[in-house]
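Novice: Sharing the feature lines straight out of TrEMBL:
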- 41-286: domain 'G-protein coupled receptors family 1 profile' (DOMAIN)
- 27-48: transmembrane segment (TRANSMEM)
- 60-82: transmembrane segment (TRANSMEM)
- 102-120: transmembrane segment (TRANSMEM)
- 141-166: transmembrane segment (TRANSMEM)
- 200-229: transmembrane segment (TRANSMEM)
- 241-262: transmembrane segment (TRANSMEM)
- 268-288: transmembrane segment (TRANSMEM)
Amino acid sequence: MGGGNGTTVTEFVLLGFSDIGSLLGPLFWGVVLIYLVTLMGNSLIILLTLADPALHSPMYFFLCHFSVVELLYTSTIVPRMLANLCSPRPIISPAGCFTQMYFFALFGVAECCLLTAMAYDRYAAICRPLHYNTLMNRGACVSMVGASYLMGVVTGTIHSICIFTLPFQGDNTIQHFFCDVMPVLRLATGNTFWAEVGKLFITVAFIMTPFLLIIVSYACILVAILGVATSQGRRKVFSTCSSHLFVVVLFFGTASVAYMTPTQDSDQIISFFYTVVTPMFNPFVYTLRNKEVTGAMRRLVKKYFGRP
């Protein structure tokens, strides 16, 4: 263990939520419940979009991959978090920390890019309806999803390698409940300049740029909505993208606050929200008011269980 000055770190101690005492038990079972709901909700969306021909459209193709990424994203964090909540000494090896950071960055950036692809799909459907089938053909959709995963791989690789090629000596306590970039980078004893430059580049290229593209898409959608003659027509057009807009605000809002707030306590609380809680909300957002998804759910139940 790297406890003294000059000693190379051989394990990290994850101190997130270690000071809440008697609340550890309720937190553990709360996280278990949230995780189970997340797994079931996103798995149901994947099953429905694959099984029901009515959902074989670009929007649901993206939604299926979004749910896959949500499952993998939260599974990168939650199982280790649950193990640490049960452990008197929550440790993780440097290799384990590297792996967790890599996949967290991969799936986080892939999620940003998929949200951007979904925003473009809504833009094409509302603002370019006559060209929609051309713009959102199968090849284009597959390319967008592939690019999302590729950007995630590039981000995870750059982040993880830039940070874990630095020396870690002395302090090995991570003030977080998982191996996020900044809490780990604070422990590095070498020159962190290029790691911080890489983090800034990745943030601008793969997080801020997708967010700006989403804003541009919705600005065009807003103009199109305002051009609809009747209020009923405007509501109908807006309803096709309201679920996606809510998820965008939820994801980018909490993530931006977490990475722009310098205090460690707020990092943990907000990170807990967007890594553990937000993935649970998304299936409900896309199903409760979505007649196509609820219809597919009824057809699936009827097919396998008969009429309720």
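Backbone N, Cα and C define each Cβ position, glycine as well.
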Novice: Take the C-beta pairs under 8 A between the transmembrane segment (268-288) and each of 27-48, 102-120, 200-229. Which stretch has the highest count?
Specialist: 27-48
Novice: By Cβ distance under 8 Å, which residues at least 6 away from the ends of the transmembrane segment (27-48) in the same chain are close to it?
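Specialist: Same-chain residues near the transmembrane segment (27-48) but 6 or more away: 17, 20, 55, 63-64, 67-68, 70-71, 74, 78, 81-82, 85-86, 276-277, 279-280, 282-284, 286-287, 293, 296-297, 300.
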Novice: I need to check the long-range neighbours of the transmembrane segment (60-82): which residues 6 or more away from its ends have a CB within less than 8 Å of a CB in the stretch?
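Specialist: Result: 16, 28, 31-32, 35, 38-39, 42-43, 45-46, 49-50, 92, 96, 100, 103-104, 107-108, 110-111, 114-115, 117-118, 121, 141, 144-145, 148, 177-178, 275-276, 279, 282-283, 286, 292.
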Novice: Same-chain Cβ contacts of the transmembrane segment (200-229) under 8 Å, 6 or more residues past its ends?
Specialist: 105, 109, 112-113, 115-116, 119-120, 122-123, 126-127, 151, 154-155, 158-159, 237-238, 241, 245, 248, 252, 255, 259
Novice: Summarise the model's confidence over the domain 'G-protein coupled receptors family 1 profile' (41-286) as a mean pLDDT value.
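Specialist: Looking only at the domain 'G-protein coupled receptors family 1 profile' (41-286), pLDDT averages out to 85.
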